[in-house]
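Visitor: Straight out of TrEMBL:
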- A:73-287: domain 'ABC transmembrane type-1' (DOMAIN)
- A:15-34: transmembrane segment (TRANSMEM)
- A:77-98: transmembrane segment (TRANSMEM)
- A:110-130: transmembrane segment (TRANSMEM)
- A:160-185: transmembrane segment (TRANSMEM)
- A:206-228: transmembrane segment (TRANSMEM)
- A:270-292: transmembrane segment (TRANSMEM)
Amino acid sequence: MPQASQSARPERQGYVLLAPALIVYLLFAVYPMIDVVRMSFSSWNGLSPGANFVGLANYRAIFTQDPVFWGALRNTIWWTALAVTLPNLVSFGLALALNQNIPGKSGLRVVFYLPVIIASIAVATIWKWMYDPFFGLFNNLLMQFGLDGWILDWLGDRKVALWSVFVAHLWQSVGFSMVLFLAGLQGVSATLVEAARIDGAGRWGVFRYVTLPALKPTLMVVFVLSLINSLKAFDIVYGMTGGGPAQSTQMLAMWAYTQSMQLGVFGRGAAVSVVLLLITLVIVLPYIRWMFRREEMSR
Amino acid sequence: MTLFSQAFRPVGSAKVDPVLIALWVSLILLALIWITPFVFIVFTALKSNATVMGASAFMPPTELAFENFAAAWWRGNFSTTAFNGVVITVIKVPLGLFISAMAAYALAKVPMRMNKALFALFLFGTMLPFQVMLAPIFRQVNAFGLINTYPGIILPYLAFGIPYQVFILYCFFSAVPKELSEAARIDGASHFTIFRRIFLPISLPVLSALLILDFVATWNEFAMALVILQDPKMWTLPLGLMSFQSQFSSDYGELNAATIMTVLPAAIVYLMFQRYFVAGLTSGAVKE
């Protein structure tokens, strides 16, 4: 018997160390995820004690009756497609530039990263003020240059509002990927670059055949992280437009929130959440497998 | 000119590269554009409403209207929101790091049957966006009767912070040589002792990087606070700013003063500890 308890004890200690984190994580992150699936098959108004099972009615409602859902989905897709490309191209260019031998690099890096640590809701406030139709920076600038014809109500015009919000997002998010790219560039072997130079490779050659292949894992990480970040776009839209005008900047994460928390139709809100979670899982699960493998391999 | 004497020369070349100079000039221009929003809000915050509406938007303020800050502090209830922000951050951040470190140690160094599955479970959580499921989180916190309380916001914050921190610390602990902990185990030390005496001290650099990152993230968090802290007495700074923005949107000077007061703590922390930010962000994401 002592033999058995000897081998069981360290394992028990392990579970004791693990328990607090695991319990909190399961209760407040994993359980809500399961709960939202259950909720999406029921009707609940947020007040009554019980919920009725309604089958697929919520899904049918959001797909066929909800006038906002498809617009929100379209906006989310557009936003995501732009968010994984535009800001990251800028970040990549910045990182490549800041990796060169130029003066003042650390100061420049601080400037580009600063918006990342600003609360998104403050970014929203700042940009909302810059977009102010009467006293904001943009319309004042246009007036100054005599471009009165270009003056717009940036957040009030349903044709441009989403893109106006996106520009603010771009300003905020470029620094984040830039730092990841810079870290990736540190991993590009200097000897390899020099060897390629000596072999007569030009700027483009070095970039194409040395730098880019070495950056492959970083590109993957940046791609997935910005994809996830764009799916959860919430604060900035909430703060700048609240989904308006006329739902033209509505997105799925916020539409799920609006339905549940403001309109009190938790079942429909949950169905929207589930759709969004499924999209997330499709992207995330292969990535996690890749991370897991890499972690295993490095051991 | 010592700063410039070696600059603009590509690796392994003694000549100044004109392309690099052009690149540098465009970087400076872009940086100026990047910083313009900050300059604009500082200018506005120091102007009276009459000046904002009367004079050109780019003019620096002539008479500095510092009273905007005092007025915004008072009208925006900053003493309450700042206090709540401090309480929540000061409890959540160290507590989260401590329990994450414990879990990461157990996963990395204690042989358990479920190690792999549990690690995968945490890894999954690093990618779970809580903005997508605010209502079920609200429901869960409500089930515990914790809406409008500090524990009610701290627990979900912990739950969504733990996976990333466990992941980073797991990677760090895994890289620690086996001999270090095994020698201590032979001497009869329990895992609790080894964790506290050996692993916690050696992980201080990683912990401080995570601490800084998590401080800013917690301080700035908005969506979760929006659903859980509905009583204005419990609001944090971002909630206070949002409400200020919707109530007093045409008091331009005060609104911008409120924005500045909201972002200043995080900005100061960032400027003081910038190298930790980079370390904390990249140690997990871009690992060799």
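Every residue gets a Cβ built from N, Cα and C, even glycine.
Note that TrEMBL annotation is computational and uncurated.
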Visitor: Can you work out which residues elsewhere in the same chain, 6+ from the ends of the transmembrane segment (A:110-130), have a Cβ less than 8 Å from its Cβ atoms?
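Guide: Result: 94, 136-138, 155, 164-165, 167-168, 171-176, 178-179, 235-236, 238-240.
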Visitor: What stretch, picked from A:15-34, A:77-98, A:206-228, A:270-292, has the most CB pairs under 8 A with the transmembrane segment (A:160-185)?
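Guide: If we count Cβ pairs closer than 8 Å to the transmembrane segment (A:160-185), A:77-98 scores highest.
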Visitor: If you count every Cβ pair below 8 Å, which range out of A:15-34, A:77-98, A:270-292 shares the most with the transmembrane segment (A:206-228)?
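Guide: It is A:77-98, which has the most Cβ pairs under 8 Å.
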